[in-house]
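Going by TrEMBL, these are the annotated features:
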| type | residues | note |
| --- | --- | --- |
| ACT_SITE | Asp217 | active site, proton donor/acceptor |
| BINDING | Glu17, Asn163, Asp217 | divalent metal cation binding site |
| BINDING | Arg112, Asn114 | substrate binding site |
| DOMAIN | 15-276 | domain 'SMP-30/Gluconolactonase/LRE-like region' |
Amino acid sequence: MTYQVEPLANSYAELGEGPHWDAETQNLYYVDITAGKLLRYSYKDDKVYEAKIEGEDLASFIIPVAGSSDTFAVGAGRRVIIVKWDGISTTAQVEKTLFEVQKNDKRFEGNRFNDGKCDPKGRLFAGTMRYVGDEFEHRWGELYKYEEGGNVELVKTDVGISNGLAWNEKTNKFYYIDTTDFEVKEYDYDMETGKPANPKVVFNLRRDSPKNHLLPDGMTIDSDGNIYVATFNGHTIYKVNPVTGKILMEIKLPCKQITSAAFGGPNLDILYVTTSARGNEPKPAGTTYKVTGLKAKGLPMTKIQI
């Protein structure tokens with residue numbers, strides 16, 4: 001199968017992450033984590049806009065708030081904040097803190113939120129990781145769930161780097177990546193209560209020795225239930241059938257640190273891919289790409305209900 005990989009112009013982010021396709025406005029939102037920046041790729045304009053969040057050093061994910069065109073939930077340190085941005089201005093303003101986790105414990109002071117995404121009902125799932133020190137040694141991250149009205153629940157402890165999230169509403173499954181486990185886990189998922197249970201490994205990225213293990217990062221899912229797993233050290237997104245564990249396709253990118261992916265475009269058949277240039281990775285690292293010709297369609301992403 002042939003597919004095409006093209007860069008989006010002026011789409012650079014040193015640590016690009018958290019792509020969210022807003023089908024309503026035909027915009028791809030994503031972040032540059034360590035710059036505290038929000039980015040918007042307009043499909044209509046074929047142009048990227050970016051804004052620095054005033055007073056914030058970190059921005060780990062961006063999710064539009066349901067019922068609003070200029071309000072977003074953003075991961076910032078161990079807080080999730082509500083940010084106002086018109087999508088054009090070069091600055092964005094913090095309206096309020098929605099919630100904060102891992103407070104009043106010195107152990108967690110070096111932690112920050114990493115990936116976050118909403119389930120099909122608009123509940124936010126977001127997890128933390130060690131930002132200072134060794135995430136593989138200190139598994140002090142946790143996965144949290146926020147529900148409309150303000151209820152925050154701890155979903156999982158003993159997390160190294162909380163990362164990719166995806167749901168299949170047809171099969172009532174939830175997929176989750178902790179990068180430091182080198183695998184993707186599938187959970188039975190109760191759509192009514194938002195509770196995952198019975199984890200099992202559906203894709204293993206370990207290799208013959210620890211130094212060769214692939215690092216799974218962000219993830220998305222298509223309408224056939226196949227998952228797309230970005231690898232932070234592998235130049236590749238793996239399309240995987242989670243029922244069989246079989247790799248159906250390897251999507252190769254021109255840089256090493258592939259952070260995440262999201263389907264978008266008018267027909268949800270363009271795969272947008274974020275990358276990273278951490279550790280002085282050479283160009284074109286940090287570029288955001290579009291992949292076409294995959295003959296697959298994504299599922300609509302959900303906005304947060306606050």
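Cβ coordinates are placed from backbone N, Cα and C, and glycine is handled just like the others.
Automatic prediction, not curation, is the source of TrEMBL annotations.
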Stretch-averaged pLDDT - the domain 'SMP-30/Gluconolactonase/LRE-like region' (15-276): 96
Neighbour tally for Asn114 (substrate binding site), based on other Cβ positions within 10 Å of its Cβ: 28
Euclidean distance between Cα atoms of Arg112 (substrate binding site) and Asp217 (active site, proton donor/acceptor), Å: 16
Cβ neighbours within the same chain of Asn163 (divalent metal cation binding site) - under 8 Å, at least six residues apart: Asn114, Asp115, Gly127, Ile177, Asp178, Thr179, Pro216, Asp217, Gly218, Met219
The residue listed as 'active site, proton donor/acceptor' CB neighbourhood, other CB atoms within 10 A: 28
Fewest-neighbour residue among binding-site residues, criterion Cβ within 10 Å, set Glu17, Arg112: Arg112
Distance from Glu17 (divalent metal cation binding site) back to Arg112 (substrate binding site), taken between C-alpha atoms, in Å: 14
Extra residues within 8 Å (Cβ to Cβ centroid of Glu17, Asn163, Asp217), divalent metal cation: Gly18, Asn114, Asp115, Ile161, Gly164, Ile177, Thr179, Gly218, Ala230, Phe232, Thr259, Ser260
